[in-house]
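Taking it in order: structure first as structure tokens, then the write-up.
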Amino acid sequence: MRLLQLLFRASPATLLLVLCLQLGANKAQDNTRKIIIKDFDIPKSVRPNEEVTATLAVQTELKECMVVKTYLISSVPLEGGFNYKYTACLCNENPKTFYWDFYTNRTVRIAAVVDVIRELGICPDDAAVIPIKNNRFYTIETLEVE
């Protein structure tokens with residue numbers, strides 16, 4: 001009963017302050033870090049059998065490091081460096097950029113894939129985390145052949 005009397009005596013300014021603090025706390029909880037941030041860059045169009053360079057820049061907002069494996073997948077088989085797979089230690093303060101050079105003579109859809117994996121000997125002292133929710137990230141682009 002005494003608590004209710006105190007509540008009704010509280011000034012509107014105090015009640016507004018408590019409400020704002022509650023809303024601010026909820027908003028701060030929604031501010032989550034991104035596991036993987038990727039930027040996949042390939043030309044929109046090329047001539048037949050012209051060399052293509054694909055670039056994938058990867059970074060994280062997590063405080064912990066992760067072991068990542070990056071590779072490309074295409075809608076049609078491609079030759080050359082297209083089939084290279086890279087494994088690296090990805091940390092917040094050390095983003096990575098990966099490159100692939102290949103040739104194609106027809107239009108192709110290409111997916112750049114980043115898998116967070118468990119592998120020893122990649123990160124210093126083998127200190128790396130694996131996200132529980134997602135461990136595969138990808139983006140798809142189309143390369144037109146004129």
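Start at 1 and count along the chain as shown; that gives each residue its number.
Any Cβ shown, glycine's included, is placed from N, Cα and C.
Remember, predicted model here, so these are calculated numbers, not experimental data.
Database features, via Swiss-Prot:
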- Cys65-Cys91: disulfide bond (DISULFID)
- Cys89-Cys123: disulfide bond (DISULFID)
- Asn105: N-linked glycosylation site (CARBOHYD)
- Gln29: pyrrolidone carboxylic acid (MOD_RES)
- 1-28: signal peptide (SIGNAL)
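The sparsest Cβ neighbourhood within 10 Å, among the listed disulfide-bonded residues (Cys65, Cys123), is found at Cys123. Mapped onto three states, the DSSP output places Cys91 (disulfide bond) in strand. Rounded to a whole number, the distance between the Cα atoms of Cys123 (disulfide bond) and Asn105 (N-linked glycosylation site) is 39 Å. Counting only the Cα atoms, the space from Cys91 (disulfide bond) to Cys123 (disulfide bond) is about 9 angstrom.
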